[in-house]
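**Q** When I checked TrEMBL for this same protein, it listed these features:
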type	residues	note
TRANSMEM	40-59	transmembrane segment
TRANSMEM	79-96	transmembrane segment
TRANSMEM	139-158	transmembrane segment
TRANSMEM	178-194	transmembrane segment
TRANSMEM	326-347	transmembrane segment
DOMAIN	332-614	domain 'ABC transmembrane type-1'
TRANSMEM	367-387	transmembrane segment
TRANSMEM	446-465	transmembrane segment
TRANSMEM	471-491	transmembrane segment
TRANSMEM	548-577	transmembrane segment
DOMAIN	647-871	domain 'ABC transporter'
REGION	936-956	region 'Disordered'
COMPBIAS	941-956	compositional bias 'Basic and acidic residues'
DOMAIN	991-1271	domain 'ABC transmembrane type-1'
TRANSMEM	1031-1053	transmembrane segment
TRANSMEM	1120-1144	transmembrane segment
TRANSMEM	1220-1237	transmembrane segment
DOMAIN	1310-1542	domain 'ABC transporter'
Amino acid sequence: MCSKHKTQLYKELATRFRKVANQTLHTDSPDLPECFQLSVLSWLPCVYLWFACPPYIFYLQRNNKGYIMMSILNRVKTVFGLVLWIVCWTDLFGTFHELQQGDTKPPIYFVTPLVVGMTMLLALFLIQFERLSGVQSSGILFIFWFLSVLCAIVPFRSKILQAKYQSEISDKLRFTTFYFYFSLIVAELILSCFNEKPPLFSNIDTDPNPCPQSTAGFLSTMTFWWFTSMAIKGYKNPLEAKDLWSLNKRDSSEVVVPKLLREWEVEQAKAHSAEDQSTQALYSKPLPEGESNHVGGESSPEEVEVLLSKTKDPKKPSFLRSLIKAFGPYFLIGSAFKLLQDLITFVNPQLLKLLISFTKQKGAPTWWGYTLAFLMFFAAFLQTLILHQHFQYCFVTGMRLRTSIIGAIYRKSLIITNAAKRTSTVGEIVNLMSVDAQRFMDLTTFLNMLWSAPLQIILALYFLWQNLGPSVLAGVAVMILLIPLNAAIAVKTRVYQVEQMQYKDARIKLMNEILNGIKVLKLYAWESSFKDKVLEIRQKELNVLRKTAYLGALSTMAWTSAPFLVALTTFAVYVTVDKNNILDAEKAFVSLSLFNILRFPLNMLPQVISSIIQASVSLKRIQDFLSHDELDPESVDRNNTATDGSVTVVNGKFTWAKQHPSTLHNINLMVPQGSLLAVVGHVGCGKSSLVSALLGEMEKMEGDISIRGSVAYVPQQAWIQNATLRDNILFGKAYNEQKYRCCLEACALTQDLEVLPGGDLTEIGEKGINLSGGQRQRVSLARALYHEADVYLLDDPLSAVDAHVAKHIFDHVIGPEGALQGKTRILVTHGISFLPQVDNIVVMVEGRVSEMGSYQELLKQNGAFAEFLRNYSLEDIIEEDEATEALIDEEDFPDDALSNHTDMVDNEPVVNEAKRQFIRQISIISGDLENPKSRSVRKRLCSERKHAESDPEKKLPKVDKLIQAETAETGRVKSKVFWEYAKAVGPLLSLVICFLYGCQSAAAIGANVWLSQWTNDAAQNVTQENVSMRVGVYAALGFAQGLLVMVSSFTLAMGNIGAARKLHYALLDNKFHTPQSFFDTTPIGRVINRFSKDIYVIDEALPSTVLMFLGTFFSSLSTMIVIVASTPIFAVVIAPLAFIYIFVQRFYVATSRQLKRLESVSRSPIYSHFSETVTGSSVIRAYGRHNAFVLMSDMKVDENQKSYYPGIVSNRWLGVRIEFIGNCIVLFAALFAVIGKDKLNPGLVGLSVSYALLVTMSLNWMVRMTSDLESNIVAVERVKEYSETKTEAPWEVEDKKPSSDWPSQGNVEFRDYSVRYREGLELVLKNLTLSVKGGEKIGIVGRTGAGKSSMTLCLFRLLEAAGGEITIDGVKISEIGLHDLRSKLTIIPQEPVLFSGSLRMNLDPFEKYSDGEVWKALELSHLNKFVSNQPAKLELECSEGGENLSVGQRQLVCLARALLRKTRILILDEATAAIDLETDDLIQSTIRTQFEDCTVFTIAHRLNTIMDYTRVLVLDKGQIAEFDTPTNLLFQRGIFYGMAKDAGLAQ
């Protein structure tokens, strides 16, 4: 019976669906047959659950989070499940009971209760199984209950309808059980919305601020509801770092990085094993470890080369494969979501088709329309949820990729060899971290488009073909033709971008130099020349930007007009091909919505492909870096107990890079436990290399090294971290007050602490910027001392400190009586005075040990050492120490160039010829040796720092400044800033731009309205006559829109470029006019940041943001206009929707803006910590702090991701909410179309709904763009802030111009003169009164901080008077223009500053002098020989900071500048130990002869240079202590006498 019944039913169903006169569909109260209800509707949820269960259980077993305690919620769920099972079985038993009564039911009555009952048991099992696996909220079960309720609604209604129409209920039992069943599944659905407690022992309890995501329920996860708490918090108050949730464990470095590294090691192992097999094939026996240089010992290197070249390239380990293995599976989940979303996308056009055909049918029941409207809404909503899940997975994958790549690079950079380190500069490695890791992150979001775009295109074409037949091909042809156009534009834009980057880099490099040497520019009055240079580069940059803007306008036009052109060609072809083809609303608008779907993948594909190409470049760079050679940790034997020596080297042969010749050869050393060994030798003879070899930093070619015990290392260039002074000394050791105080005392740091504002808790700037060179060196020494190691390697720690301090340190720390007695010490030194006190001396010559022994032995041996010592009287030794009073603060010189050549030079002006030769040879040697080990990156510190040292008070504000690091702005951007920008663009132009955008939207609306009119022709059957007219007007409107788009985006770009030019000019102009004190207190990085990052934002980011913003704003507006025009009732809904929209938008913008700021503030520490690590890697390794630093880096990355992660989620949160509003618009547009269907024609319905389907996208983007606009406009604010700082006095005062020959005599007079560095600081010079006659030579001496340098700065008005005045030849200098004053004085500064450019430019930037005069100056400054030997002669390119000249040569260039200017007054700020004595003598003798009739002020560090001066001025604490001729002063036995006595110049 039932089978017949069933076949009949199916037949009936089939015929019913075919017939239009169908009772199910065509009544006003539809119903489904009972059999269908019992079978399909009941089984659907069950089938779902049984299919979803196995993979889910498998997943839970893999990811067990620990069990959850039984809670009331869980108990209730379980009880309800049981009751449900009982209800189903009651049904079953009821059927059996009826069977016994003889009332046979169809089998379906047995099967369904059984199936449903079993499924309830499965659900019951899942509830418990999830509890034991620690699942707090189940998606699988939620969907199951939801489906069950959905399917039960139909029987629910039909059972009530039956009861209504029948007098009594026929089947009381099933009626009752069903309503029981229904209420229980609704209850289960409601319960499954709530969360369980977190599992036991989960880290939720311990975490102070856990991320609510881990405990969020299924619904909350799908809609990102859990983020709301942060959005609210961010809206109320600007978010701060402490408000951020901690990172999910699974995203943190400690989980993610090891995961990648494990896979990478596997890859490397594979590659190595492959390599080993190929090499083993070559040589019958494998190579012994470490003998790869001479292979197997027998064949010569050449043969081996030939042998090796025959084999194929070894297989490189693939970094990509390890990435895929580590992060692929998680990413695939996101891909699955994407696939679902792609399919759902195509549901809406089909529904639109049905909706339009519904409006055509007059008699159709209205519930169809409502169903369609709600289905559209539901499909769109589902699509939203799924899309954002997909994005979430992709972004999280991207975030993990970035974390792991940064982690891997950081770990690698700590252990690569020096040769490898030289191949990539610190900047490049930081780029790997920032740019390349970022590229991967960006790629992951789009990666799925690779397969999704073709899929969407195929599907869209398939549906279009169904709709319009082969005419679609015309449209597709247009799309395909547009692709090469877009590609060509992209390629060209790319070229321009590269060109523009070059200009930008050149400009930033120049700005960097200008800011670093701003003081010199001011002293020489050279600002305007350099300003012109910058503006010239800037002009080129803007020209390229303009070209890019033309292209941008073209591509915007192509992007906007593409869908239109495609529609136009398709429709035109469609109606002209065949007379019977009629374009009706259905065809037109469904095709339009499909074309709109097509537009996205077609535009994305080229982008994805180009970003894949970029990422592959990055991949290769990262892979190469991670495949570099690593230092061999076994090269130094650390646990050697066999020998009695504490440090032994046997037959050592070392090189810096495997392919270079060896730097050190046959080194044999044995340092007994507890002895002090000094290493001496000329510059560049390998002293520092020896220390590096002992640390295991060099490649060991042969021999053995062993060191017993732990090591402490003091490098030649002190390495200081950006941390407090105390942290720098402790360096990870526990703090012990007493021991710490002793270290400070011994290293003579106690006095320095009193000067620093925060004592030992003062924060030290990057690279120790607020410490003098000597202080840095002492901190470095204190760190070693505090570490209590067994072996101390001290690489010339005394070179940077003053003579008396050097003595103190030697006595208290290094020497036989010092704190380190009993430890093994190896001291590289240039100080001859200490040699008698050491145990042994090693003399190095050209990379080998030439002699070794104690002081006495070496004197007796009468070798090179003895010769070398005998040439010096004791006086010279002391003198040499005096010379060492260096604050070597400037460059990272190649290792030994810092040491003074004093060891070998006499101080007399006339040095005998032989000795001169000797010195020259040494210079040549050091010149050759500079290369192999010159540091790959030379950090230049700004030249002003020296003055900061010369005077303690000056340091105070600098430190305060350091501590208040640059703050992130908070709160809303003021409308004033937008107005500023509009003003810069031009207020009129701004209005024109908005007007053009309005016109463009109007044209677009016009074209679509025309289309809807056209489609209505079909209904009136008047198609043929006006086809050409219809097509023509449609085309005209469309082209007008395209043209307007192009014009508007171009006008906008022009406006933006104009604004960029104005803003940059104002900033640059102001910075050249800013007083010196600003640069002393503002870190240069901050100013450079304005010129690079902020100007970049104004040049590139802002224009595109504004463009997108205007575009989305007008498109959203036009949507609203269209919908309201077609269904006016829609206006009612606009208000509440707009309210919700603005509400969400405000929440989002406030939160996301702050998150972006926090993210960028927390990003820079990653990179600065990294570059610090790379520069200090040898110190970190020596102290064995490798792991601690890795942890620090991980923490910084996690800290950054902590603000990045909520940033991603905020976008998802916003997306779901805004798209929900968009979906509501779709719903209401469709609903109102259904309601007013009698009054509307199909064309209008199509128009309004297809517009509504588009609006979601623009609404979403509009909020994003508002947010971006607010973030980017901040750049205008920051640039403005620095364009309006206080300026110095005018460069020229017209009515006070001095005569052209002023100053003719050179008389200088100070009257009651006082000065302070800045407002609020104490006076540096107090009431000076003195007068100097023209042509006098004045020496200025005084202890550090007495105000010597300040006095010279006053003459140039770099410091303005606080009282009193200075007159030169009767002219008050405070009244004339700065350039007039400064161009008439000449200074030879303490540190020579050169700018990159030709040598000629460095001597004479304004080209005032002829070549002859320039050569004359070079000849007098002893440089002509050097310059004429250069192929480029005067056009010799100086590199940044003049690093391709030696320090002495740079000093001579400054002398040549002075000789060229030849003014009546010369100020000589004498250089300290950075310069060798020979150069010093050259300069002194030139000055004595060439500047005979000029007034000369010399700030002297070496008293012997000023002993023959007319008068000497002794300053003490800013006041004149003594002022008289040198002989009188010596006779007076005052301060000067004391200084001379110290220097051994007086008895």
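Glycine residues also receive a Cβ, built from the backbone N, Cα and C atoms like all the rest.
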**Q** Determine which recorded stretch among 332-614, 647-871, 1310-1542 has the most C-beta pairs below 8 angstroms with the domain 'ABC transmembrane type-1' (991-1271).
**A** 332-614
**Q** Given the model, what does the mean pLDDT over the domain 'ABC transporter' (1310-1542) come out as?
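**A** That region's mean pLDDT is 80.
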**Q** Under 8 Å, at least 3 Cβ pairs, sequence separation 6 or more: does that hold for the transmembrane segment (326-347) versus the transmembrane segment (139-158)?
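**A** These two stretches do not touch.
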**Q** Who are the long-range neighbours of the transmembrane segment (40-59) in its own chain, taking Cβ under 8 Å and residues 6 or more past its ends?
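**A** Hits for the transmembrane segment (40-59): 32, 112, 115-116, 118-119, 122-123, 126, 129, 140, 143-144, 147-148, 151-152, 154-155.
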**Q** State the residues, same chain only, that lie 6 or more residues beyond the ends of the transmembrane segment (446-465) and have a CB under 8 A from a CB inside it; answer 'none' if no residue qualifies.
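**A** Contacts of the transmembrane segment (446-465) (Cβ under 8 Å, skipping residues fewer than 6 from its ends): 331, 334-335, 338-339, 342-343, 345-346, 349-350, 390, 394, 472, 475-476, 570, 590-591, 594-595, 597-598, 600-602, 604-605, 607-608, 611-612.
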**Q** Are the transmembrane segment (548-577) and the transmembrane segment (79-96) near each other by the rule of at least 3 C-beta pairs under 8 angstroms (pairs 6 or more apart)?
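**A** Since fewer than 3 Cβ pairs under 8 Å link them, the transmembrane segment (79-96) and the transmembrane segment (548-577) do not come into contact.
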**Q** Which sequence positions outside the transmembrane segment (471-491), separated from its termini by at least 6 residues, show Cβ-Cβ distances below 8 Å to it?
**A** 461, 464-465, 551, 554-555, 558-559, 562, 565-567, 569-570, 572-574, 577, 581, 595, 598, 602-603, 606, 610
